[in-house]
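Single-structure report; data block below.
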Amino acid sequence: MAETKIIYHMDEEETPYLVKLPVAPERVTLADFKNVLSNRPVHAYKFFFKSMDQDFGVVKEEIFDDNAKLPCFNGRVVSWLVLAEGAHSDAGSQGTDSHTDLPPPLERTGGIGDSRPPSFHPNVASSRDGMDNETGTESMVSHRRERARRRNRDEAARTNGHPRGDRRRELGLPPDSASTVLSSELESSSFIDSDEEDNTSRLSSSTEQSTSSRLIRKHKCRRRKQRLRQTDRASSFSSITDSTMSLNIITVTLNMERHHFLGISIVGQSNDRGDGGIYIGSIMKGGAVAADGRIEPGDMLLQVNDVNFENMSNDDAVRVLREIVSQTGPISLTVAKCWDPTPRSYFTIPRADPVRPIDPAAWLSHTAALTGALPRYGTSPCSSAITRTSSSSLTSSVPGAPQLEEAPLTVKSDMSAIVRVMQLPDSGLEIRDRMWLKITIANAVIGADVVDWLYTHVEGFKERREARKYASSMLKHGFLRHTVNKITFSEQCYYVFGDLCSNLASLNLNSGSSGASDQDTLAPLPHPSVPWPLGQGYPYQYPGPPPCFPPAYQDPGFSYGSGSAGSQQSEGSKSSGSTRSSHRTPGREERRATGAGGSGSESDHTVPSGSGSTGWWERPVSQLSRGSSPRSQASAVAPGLPPLHPLTKAYAVVGGPPGGPPVRELAAVPPELTGSRQSFQKAMGNPCEFFVDIM
């Protein structure tokens with residue numbers, strides 16, 4: 001004898017009910033359904049049924065004619081009984097408590113296997129519970145009913161009628177319950193004022209459970225308590241809206257003439273409420289699905305050709321799929337896209353992850369950091385005198401310094417720079433923990449992914465084979481490391497990134513030059529046994545310190561030269577600055593005539609004495625031309641301190657250490673070495689005496 005199964009949801013209750021009518025599905029009417037519900041006040045409810053509309057697809061249709069035929073899907077009728085506005089209070093109490101002893105349904109209904117979007121379900125919490133194997137649903141229902149009875153007896157006045165303190169204790173849930181944690185985080189923003197309850201929905205639009213929230217004021221208090229109980233559950237999911245949980249359903253038509261097999265493996269999900277749907281487990285290379293590229297692991301299979309998998313058991317769905325694949329002709333697959341295209345597991349539940357608010361300021365700063373909109377490296381308020389050109393020179397000459405502008409990656413780029421880009425979070429390379437022989441490899445990559453990334457993101461590779469050779473070179477240079485230290489590169493192996501700091505010892509200032517410029521061409525330091533009075537002029541003119549740095553301090557009682565020079569220095573330091581500035585020696589006059597070629601401007605200089613270090617730097621002609629005498633300039637500083645050195649480009653007196661090789665002026669030094677030394681001086685922030693590369 002034919003029979004019809006009717007599955008109906010009572011108002012706010014989470015567990016649906018199942019009844020069987022001894023009537024054929026095509027002849028069952030609303031009156032037949034109401035006769036089964038004779039122990040319920042059916043006049044107090046509105047009846048909604050799952051129906052199919054040509055324009056909108058699956059909808060909820062209200063039927064109030066007792067003689068109307070009920071819409072049926074696969075031999076089942078799905079209905080929702082919603083308490084009508086203005087219904088008597090007995091209807092609500094009977095609707096929630098009279099059928100608590102009915103057993104739950106045996107078939108899958110409203111779980112994750114249902115192809116309806118989440119907005120179709122009036123009970124979002126119920127539909128979400130089918131996604132995992134949590135067993136706390138029944139205990140949650142019993143706790144809520146017990147709490148409702150306790151509230152009816154003794155509930156004190158509370159803000160918005162919502163308790164904020166002992167939510168976990170009242171629910172009887174452990175402190176680490178994900179749903180209660182999210183509820184406590186979001187409860188302050190999930191409720192509205194209690195006085196505006198009559199015509200206002202208390203739930204967000206994403207849950208769409210506000211149909212029955214408008215009741216007469218006579219029973220508003222009792223209904224508000226029940227509504228708050230449901231809101232506790234709904235607020236746990238209020239952060240998962242339609243934008244993150246709605247099913248993106250696509251239909252893919254595959255031409256099986258070009259490919260010999262479909263190329264997918266499917267898995268079925270089941271829980272204590274029945275089967276939960278068919279999912280794409282993995283995709284095999286060379287198949288029709290892999291060639292199309294739109295279907296990914298984790299997608300839910302809803303329909304194959306004209307056969308709908310809705311409310312179909314997993315065994316039946318697998319049998320139907322095998323029959324269709326064995327036939328010839330194109331195959332159309334209708335799938336619901338998964339929430340995460342690259343899940344760590346095929347069934348990642350979004351509500352298991354905590355939802356945090358977004359800080360716009362942190363978002364913008366992070367975006368600016370990744371796009372390169374950063375302040376200049378190493379700048380400070382006191383170094384504003386350094387121009388952009390010198391700052392760029394510093395950045396380009398010091399290895400490892402961040403570049404001001406992001407340059408495209410090519411095969412000629414530094415390998416360490418390419419590795420740094422590969423390790424960025426948004427580089428496109430999948431870096432995650434992987435399992436190999438029951439060993440967890442942290443932050444590992446697959447060799448094939450590395451080759452694909454290099455071939456896609458680095459310019460200059462004509463073939464993928466060249467990118468593979470480059471990856472092998474990265475392994476040899478230590479930028480990639482195998483788990484067991486294999487030296488041959490394989491695309492099937494897992495690799496981790498090596499320590500970039502291990503290569504810093506081999507870096508020097510001339511890392512970008514080649515040939516003879518890699519060798520030091522400056523004068524070497526003298527032998528330690530050779531006396532070298534540093535009071536002489538420097539062989540090179542180094543730029544002075546920025547204005548923010550104090551002048552170099554010279555101890556008045558310390559001598560760099562011989563004993564006689566030290567006595568002169570001591571006497572000079574005790575005398576006034578004007579006396580010291582007037583000391584001149586015949587040797588200095590000869591050097592001036594020789595170095596300047598008889599220039600008149602050079603004779604106006606005040607040069608440090610050869611016997612005592614009375615001043616560290618040359619004074620420019622511009623200062624003397626303003627009418628300031630050497631006496632007044634020297635007296636402007638304290639005795640024993642060298643005069644302040646302004647930024648100037650005047651050449652120093654050419655001189656070298658005794659016994660050393662001849663030295664050159666700065667103009668005679670090759671340009672690549674000059675820029676490197678000058679940028680090094682700016683980086684150090686203080687004038688240096690001599691700098692020699694240690695090869």
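Here the Cβ of each residue, glycine as well, is placed from N, Cα and C on the backbone.
Scan Swiss-Prot for phosphoserine across Ser194, Ser391, Ser609, Ser625 and the hit is Ser194.
For the domain 'PDZ' (251-323), the DSSP counts in helix, strand and coil order read 15 helix, 29 strand, 29 coil. Under DSSP, the residues of the domain 'DEP' (425-499) split into helix, strand and coil as follows: 24 helix, 21 strand, 30 coil.
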